[in-house]
Structures are given as structure tokens and as C-alpha cells.
Amino acid sequence: MSPLLPSFPFAVLALADGSIFHGFSIGAPGETTGEVVFNTALTGYQEIITDPSYCSQIVTLTYPHIGNVGVNAQDAESDRIHAAGLVIKDLPKRVSNFRSEAPLDAYLTEAGVVGIAGIDTRKLTRILRDKGAQSGAIVAGKAGDDYETLGKKALELVKAFPGMAGLDLAKVVTTKKPYEWREGEWDLHGPNGTPAYRTLDTSKPTYKVVAYDFGVKRNILRMLTERGCELTVVPAQTSAAEVLAMQPDGVFLSNGPGDPEPCDYAIAAAKEIIEAGVPTFGICLGHQIMGLAAGAKTLKMKFGHHGANHPVKDLDTGRVAITSQNHGFAVDASTLPANVRVTHVSLFDGSLQGLAWKDKPAICFQGHPEASPGPHDVSYLFDRFMELMNAAKKEGK
């Protein structure tokens with residue numbers, strides 16, 4: 001345990017099964033509730049907690065040392081922290097990275113996010129693995145507060161959290177109005193030799209793409225931009241008619257938090273766009289929405305997939321890729337219609353990971369080909385989307 005932590009106020013994590021963990025507050029004072037999940041990634045803690053897909057979730061990071069490199073503005077995947085809370089084992093006393101702008105605990109405090117450190121994250125992860133993701137609460141006290149009082153309060157809060165099933169959180173995290181995106185990938189040799197994100201040459205865009213924001217990560221937009229996409233990002237509830245009126249070369253459906261089934265507005269829009277023959281690509285929640293639009297069903301997973309080391313098999317090539325994953329729901333392969341085929345499966349549990357339409361230019365993937373954090377083994381899926389748009393252009397659609 002870091003020598004810094006004992007000087008911090010007490011904090012308590014309580015689970016719905018009655019488990020209580022004692023630790024120290026590393027964020028804002030107060031309380032938070034959410035679904036407690038674990039992420040096995042060794043790096044990328046800032047990208048993880050700023051991923052909108054973690055809205056209403058308390059994230060447990062299994063790697064013991066979190067905060068080593070601090071945080072900076074460039075690595076955030078959205079405009080703020082979306083995780084409901086953070087659980088870690090050890091907060092280093094010092095950060096060590098030339099890009100660091102602030103320590104993790106200061107970042108959490110400034111954002112008003114509750115965090116806890118100093119607990120046995122291995123024990124917590126085993127509970128979540130064996131019993132499944134469950135509701136939880138963190139109560140971060142002030143100087144003088146005791147564990148018994150904080151624990152009782154945390155257990156009361158857990159009972160009030162409704163769980164993730166049935167929650168439409170895409171409406172919560174989506175942009176309020178459309179915007180243009182022109183930022184590309186990170187360039188170590190940017191202007192004047194200074195590292196910076198590249199900017200799309202708008203005088204020569206290759207594809208006009210409309211991106212639905214259900215909680216989109218910035219690195220997804222960057223990877224699309226890098227391939228010549230002139231992006232218009234639209235709110236989650238934008239109708240298919242509005243999107244089709246823009247005459248896009250392709251439509252992208254983003255990642256996002258919560259249960260896909262309540263997103264009836266998005267399911268209806270996706271169905272109409274796919275039926276119109278517009279090349280369509282979905283990731284994560286977007287993948288689930290496309291599955292529902294095809295007529296399939298989704299199911300709640302026991303503890304989901306959260307990490308950067310998940311092996312996935314591409315059934316078209318036979319190749320295995322290591323992927324970044326972050327989802328608690330999945331498309332039920334047994335409910336797929338005849339015109340949709342499975343393209344990828346998880347080698348951890350056999351769950352469905354990718355789909356392709358036999359009669360339409362539409363593909364989707366459950367994991368995160370943009371990584372951030374994680375490997376880029378399946379970044380070729382972005383290229384497949386470009387191929388679909390190229391083919392549609394040649395056909396004059």
C-alpha cells in the first residue's frame with residue numbers, strides 16, 4: 001500500500017451481496033452508486049474512466065498500480081469522466097511521465113468523482129467473476145468519519161440503485177447538437193516537430209460519414225478521420241430521415257453505455273438506414289443496436305467483457321486477434337435472422353463478436369477496434385467500412 005494513502009480520509013465500497021471493503025478516498029468526498037465491474041487492462045486508466053460507455057458503472061482496475069503516469073488533456077476519450085466511481089489497489093505517491101499534467105487523485109477530485117484505493121481488488125474481482133457484476137456504492141468520508149458509519153450508509157445506497165438492465169443511457173451521454181469532427185490520429189512529429197493530433201485536409205475528403213453519438217470515444221472518430229472521412233456527429237435521437245437527407249457515403253453507430261433494448265429510436269433509425277442500402281458500421285452499443293434492428297435479441301452478460309486482452313476469432317480468415325472490450329450486453333446468436341451471419345466470436349466464452357449482412361453493406365463489431373487503451377489488431381474493420389463505401393460509390397448508390 002502506498003505510504004500516501006493512510007493520510008487520506010476513510011472510504012468504503014459496499015456490494016449488493018453485502019460485501020464491504022475498507023479503503024481510503026482518492027477523489028471527491030461524497031457518495032456514488034453504480035454497477036461494479038472489473039477491467040483487466042494494465043494501462044490506459046484515463047481513457048477508461050473518460051469512456052462514456054462506463055456511465056453509471058463503478059470501475060475496478062485489476063492492475064495493482066494505477067496513477068503512475070498521471071493524466072493529461074490529450075488522453076481523455078471524452079470531455080469528462082463518465083465512470084460513476086473508481087476502485088484501485090494502490091495509488092503511487094509520485095507520477096512519472098513527461099506528458100503528465102496532474103495526478104490521478106487531483107483529476108478525480110476536480111471532476112467531483114468518488115474513488116477508493118487500498119482495498120483487495122483481487123478479492124473483489126473474484127466476487128464479481130463468480131457472482132457476476134452487481135450494484136455497489138462508494139462512500140468517501142471526511143476526516144473523523146469511521147468505517148462502521150460509512151459502511152452502513154453504503155449498504156443503504158446499494159439497495160436504491162436499479163441496476164443497468166432497462167436503462168437507456170445513450171440519451172444521457174450523447175451530444176446535444178450536431179458537430180463536425182476533423183481531428184486525426186496522434187503524430188509524434190507534428191507541426192514544428194511537436195507531437196500533436198493530425199487534422200483532416202477538408203479540401204480532399206474521401207468519404208462523407210454521419211456518426212451517431214451514443215457515447216462515442218474520440219479515438220474512434222480519429223481513426224475514421226485518418227481514413228479520409230469527413231465526419232458529422234449527430235445526437236442519438238436523430239431520425240433516419242434526417243441522416244439520409246445529408247446523403248452520406250456511410251453511417252457509423254458508436255459505442256455507448258447501458259441496455260440497448262430501450263433505445264427504440266436508434267433501433268428504428270438503424271433499420272431504416274440499413275434497408276436503404278447505405279453502408280453502415282457499428283461498434284459496441286452500435287453493434288447491439290444493429291443486431292436488434294435486424295430482428296435479433298440481446299442478453300445481459302454475467303460480468304461482461306472489460307479489458308484489453310480478449311482473444312477474438314475472425315471466422316472469415318481464421319485469424320485470432322487480441323482486442324479491447326467493454327460491454328455488459330451481447331447479441332444472442334441463436335436469434336439472428338437468415339440474412340445476417342456471424343463474422344467474429346470470443347475465444348473466452350464463445351459469445352458473438354461480429355456480424356455482416358448478406359444482402360446489405362452493413363457490418364458491426366462488439367469490441368473496440370480503436371482500442372484506446374489496447375491493441376489495434378482489429379483496426380482493419382475500419383478499412384472494411386471504407387471498402388463498403390467504395391463499392392457503393394462504384395455502384396452509384
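For all residues, glycine too, the Cβ spot is worked out from N, Cα and C.
Bear in mind that the values here come from a model prediction, so they are computed numbers and not experimental data.
Record features, source Swiss-Prot:
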ACT_SITE  Cys284  active site, nucleophile
ACT_SITE  His368  active site
ACT_SITE  Glu370  active site
BINDING   Ser53, Gly256, Gly258, Leu285, Gln288, Asn326, Gly328, Phe329  L-glutamine binding site
DOMAIN    208-395  domain 'Glutamine amidotransferase type-1'
REGION    1-204  region 'CPSase'
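Apart from Ser53, Gly256, Gly258, Leu285, Gln288, Asn326, Gly328, Phe329, the L-glutamine site neighbourhood in this chain, defined by C-beta within 8 angstroms of the site C-beta centre, holds Gly215, Asn255, Pro257, Asp259, Pro260, Cys284, His327. Shown in sequence order, Cys55, Ser56, Met164, Leu167, Asp168, Leu169, Ala170, Leu285 are the residues of the chain, 6+ apart in sequence, with a C-beta less than 8 angstroms from the C-beta of Gly258 (L-glutamine binding site). Mapped onto three states, the DSSP output places His368 (active site) in strand. Of all Cβ atoms in the shown protein chains, 21 besides its own fall within 10 Å of the Cβ of Phe329 (L-glutamine binding site). Every protein chain considered, the tally of other Cβ atoms within 10 Å of the Cβ of His368 (active site) stands at 27. Comment: L-glutamine site residues Ser53, Gly256, Gly258, Leu285, Gln288, Asn326, Gly328, Phe329; largest CA to CA distance 13 Å, whole number.
Under the DSSP three-state reduction, Asn326 (L-glutamine binding site) is assigned to strand.
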